[in-house]
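K.L.:
Quick paste from TrEMBL:
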type    : residues                                                                                               : note
DOMAIN  : 3-343                                                                                                  : domain 'Isopropylmalate dehydrogenase-like'
BINDING : Arg95, Arg105, Arg133, Asp218                                                                          : substrate binding site
SITE    : Tyr140                                                                                                 : site 'Important for catalysis'
SITE    : Lys186                                                                                                 : site 'Important for catalysis'
BINDING : Asp218, Asp242, Asp246                                                                                 : Mg(2+) binding site
BINDING : Gly276, Ser277, Ala278, Pro279, Asp280, Ile281, Ala282, Gly283, Gln284, Asp285, Lys286, Ala287, Asn288 : NAD(+) binding site
Amino acid sequence: MTHIVVLPGDGIGPEITKSALDILRAALEVTGQEDIYSFSEHWIGGAGIDAVNDPCPQETIEACKKADGILLGAIGGPQWEKAPKTPEMGLLQLRQSLELYANVRPTQVRDELVHLSPLKEEIVKGTDFVMFRELIGGLYFGKPKYYTDEEAFDTMYYSRESIERIVRQGFEMAMKRRKKLASIDKANVLANSKLWRQIVQENSKEYPKVDVEYLYVDAAAMKLIANPRDFDVIVTENLFGDILSDEASMLPGSLGLSPSASYSANGPSLYEPIHGSAPDIAGQDKANPLSMILSVTMMLKESFAEDKLAQWIEEVTFSAIEDGFLPGDLGGTTSTSTLTKEIINRLKKGASH
């Protein structure tokens, strides 16, 4: 039995999580796999604060450690901004407890939605790449840190082990795709970027079929806008990845189209949309569930090797989008529940994977 821990969270999180799981369960029923997967829900974020006064209860952490995969809806909201422990602190605690060291964000501009991109069609059409961001090192976690009214500093620290771990993940993904890897650093200025580039060069010898490109982060930021189709797999450190992944998220034209994964060295991976909890539309049946649906299919592919099942769900989902079932952020008026029902109906009518 494959067990999935579900963390609906806050805002639109419960709505889009329910939508994606209803679709997954329908697909499993059609394919006769409903008895293979089990699910359990647990508190995270503001929902945890309201229920047990903790944004990341120990019970949630223990359940996640035992899971085969984790789905997270969204966290946060204005009502918890002044809480002693905020929802965001709860998510950070979960990431640290599970040792989630790599954030993985696929960026794909689909033909049927290319008109939504802020870039010209001839520039962005066909864009399809994956970005690997190191998640637990660099400036955000380096010590010492120091701050006064007069001066401040942060420490940008990386070990060989932490760099090599994510670099090899990038190479392995490149081997499954178009065999191109872009390593992003600032090796002309930063000492840890020099080590980063050195380690990429060393590991590239084990992957002779992968074409490696080395880019300074400023040049990479420009290329993401000027020629995004040229990227296949991108690998970079925490700060650069934080900025570049948000830049990349704008290429499809909506945050509601992008899933993400966070990989653990020895435990389950966590899958979630890249957008926030959108409290302004929570509970109104207006949320776009596509990023959560794509987070589910990403989990099926990456954690459970269910590529055909995932592809089938994606094809059926985007057939509905192409036929005009568009949520508000994509220019339509289709509600969360209506889109969900339409996708489920198409799954039941169509042939299985």
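Sequential numbering from 1, following the chain as shown.
Including glycine, each Cβ sits where the backbone N, Cα and C put it.
No curator has checked TrEMBL annotations; they are predicted automatically.
Note that this is a predicted model, so its numbers are computed, not measured.
Map these features onto the structure and tell me what's around them.
P.N.:
Using a 10 Å radius centred on the Cβ of Asp218 (substrate binding site) and all shown protein chains, the other Cβ atoms total 11. Under DSSP, Asp218 (substrate binding site) is assigned to a helix (H, G or I) in the three-state scheme.
DSSP assigns Tyr140 (site 'Important for catalysis') to a helical segment in the three-state reduction.
Reduced to three states, the DSSP call for Lys186 (site 'Important for catalysis') is coil. Within 10 Å of the Cβ of Lys186 (site 'Important for catalysis') there are 20 other Cβ atoms, across all protein chains.
Within the same chain, no residue at least 6 positions away in sequence has its Cβ under 8 Å from that of Gln284 (NAD(+) binding site).
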K.L.:
Nearest to Asp246 (Mg(2+) binding site) in three-dimensional space, by Cα, is which of the recorded positions Tyr140, Asp218, Gly276, Lys286?
P.N.:
Gly276
K.L.:
Restricting the comparison to the binding-site residues Arg105, Arg133, Asp218, Asp242, which residue's C-alpha is spatially nearest the C-alpha of Tyr140 (site 'Important for catalysis')?
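P.N.:
Of the binding-site residues Arg105, Arg133, Asp218, Asp242, Asp242 has its Cα closest to that of Tyr140 (site 'Important for catalysis').
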K.L.:
When the number of other CB atoms within 10 A of each residue's CB is tallied over all shown chains, which of the binding-site residues Asp242, Asp246, Asp280 has the maximum?
P.N.:
Asp242
K.L.:
If you measure from the CA of Arg133 (substrate binding site) out to 10 Å, which recorded positions from the list Lys186, Asp242, Ala278, Lys286 are inside that radius?
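P.N.:
Cα filter at 10 Å returns Asp242.
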K.L.:
Around Asp218 (substrate binding site), which of the listed recorded positions (Lys186, Gly276, Asn288) come within 10 Å, judging by Cα atoms?
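P.N.:
Final answer, ordered: Lys186.
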